[in-house]
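Asks: Could you have a look at this structure, given as structure tokens, before my questions?
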Amino acid sequence: KKHFYNATLMVVLCLFFAAWAKVDMTMEESVEVYLGDIADIPCLYVFSEQARAVMIQWFVRNPGSSSRERIYYGDNTQQIVDDGTEFTGRITVSDIGDQEGVLLTIQDVQLTDEREFFCQVNGMAAGNGEGKTHLRVFDPPEASVIEGVHAGISVTNELPSRIASCEARNSFPKPNITWYRDSSPLTPTHGQINVVTLVTRESSGFYTVQSELQYKVAKEDKDALFSCEVSYYVPEGVRTAKSKVINITVHFPTTIIELWKESPQGLVKEGDTVELRCQGDGNPPPPFTFNREQASDDTLVLREVIRGDSGVYQCRSLDLDTYEQVTGDMQLTIHYLDPAVVVPKDSEILLKGESLTATCNALSSLETATVWFKNRQQVGKGHMLFLQDATYDTAGEYVCEVTVSSLPGLHTSGSVHIIVQGAPQMKDADREVEMDEGTGKWVNLSCEAHAHPLPTISWTVTGSQSWREVLTRATEHSTISVVSVKVTSDITAFCNATNDIGTETKSFSIRASKPPSEGNGVIIVVIILCILLLAILGSVLYFLHKKGKIPCGRSGKQEITKENPNKDDIVVEMKTNTKTEDAGLLKGVNGDKNGPSDQVTMDTKAIR
């Protein structure tokens, strides 16, 4: 009884002193770490009295229960990591350093490590205490996967339709998914927006979240971009990751139809191929029908159109989702230009001196311009052509060309042939022609006469028996005749042009000139010889004078000529009066030009 009393007393005393002793514990509420990293959980304590011995134990709470499991024990003499726990081989406990406390270090943190860790400190008489820290483990999800529905979604659906799904895989803890239309978040709304979320906890401990967006589409959503955003927890807070954007196919009925001319560009003329296109604002595009002809899909092709194809064209949609008939229409105008009508028609005969007004008209749907041409040269503008005081030059074909400036492809032309009728008229203004020709020559005489009807030409030649017609040619408006005449004497020739209306005559007068006589030729030869003799004589006298054979002083002066010439003196005087041919010959010999009336005189005296 005595020993029992003493032991009881000691316990009571210990409890009494322990009640007065105090220890302050400091531990973090939670420690956050990424999966696979190292977790450090500090445990700080301060005793109110000096502790002779300190015993520290670490415990963890088992998942899903209130029971605890010890994983570490240590005192002043030993440090033991308990065997057979999930942390065996992965934890160490060390002193913090300048503070009273220890640091629990966990290597290669696993998802199952997320739980409460308890630090229990026992200082015996100095007191004891306990603190806890919640270890939180994080692992970001994989990149989100968004997928939109491939089929079109009709705006006529009464309930929201599934348009897309989004999935975030292998995350810890569980992530959240938010839907966006363009840049605006979508909030579930009754009858408009539904979000169905499925959360799966994998056997590995990770979470996979699947979200489905159900949305009542409208026509305005055809260009909208939808996306999902995944928000997940990390040690630093909350992060977000957006998916790619998707576009959905929205089906809506046609409310507006547009009809236009695809080709040709600009105005349309007869003979063109016209292509009309019809397009509505519905999706998918409905088939169309045209009010005039059958079309292929949304295109109506009109080939080689005529003015009768002008009018209002209309296309209608065959959209079954449309309760009201929707149409589109346009006015098509086919422009035309009728063949030109020329008055007078084909040809017209005018008498010389008469006047004529020709007209050229072409019916057209557009404003026209008319130009007249003759021999490709412009001779007038406007639909009227005035021909006044007609001559043979007036005759010919006149072409009028009618064009449309606003539509170059439209053009037409017509023509009229003008015939000017009258008596013959010689081409040359001279009716009398005079000429000089040498005797014995052949001369060509030509004559051209204009007239309608075409004239015939006859020749009358007097003064020559040798003549012949070498050419006769008729053109549309004239006759040409050429004769060759031999000049034997003075000749008179008449060209007579005759038709049913009258006669025109042209005369030719030819004066025959004689050839140069033989006497004139002899005189010329004599003159040349005399000049040569004088030149030689002068040269000899000059030579003798230089040699001193002929003295020139006063004492030795000799008379070369006598005072009175006798009958033996030689006096030569030649005079000539020739025609042009002789003058030409002298020019070739002397280099002097003497006219027909020039005189050539030479005096020669004998030297005694």
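From the backbone N, Cα and C atoms, a Cβ is placed for every residue, glycine too.
Pasting the feature list from TrEMBL:
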- 21-136: domain 'Ig-like' (DOMAIN)
- 141-247: domain 'Ig-like' (DOMAIN)
- 253-327: domain 'Ig-like' (DOMAIN)
- 339-417: domain 'Ig-like' (DOMAIN)
- 424-509: domain 'Ig-like' (DOMAIN)
- 583-608: region 'Disordered' (REGION)
- 1-21: signal peptide (SIGNAL)
- 521-544: transmembrane segment (TRANSMEM)
Asks: Which residue counts does DSSP yield for the domain 'Ig-like' (424-509) in the helix, strand and coil classes, in that order?
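Replies: Going by DSSP assignments, the domain 'Ig-like' (424-509) contains 0 helix, 60 strand, 26 coil.
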Asks: When secondary structure is assigned with DSSP, how many helix, strand and coil residues does the domain 'Ig-like' (253-327) contain?
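Replies: The breakdown for the domain 'Ig-like' (253-327) reads 3 helix, 33 strand, 39 coil.
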Asks: Using DSSP, what is the helix/strand/coil residue split across the domain 'Ig-like' (141-247)?
Replies: 5 helix, 61 strand, 41 coil
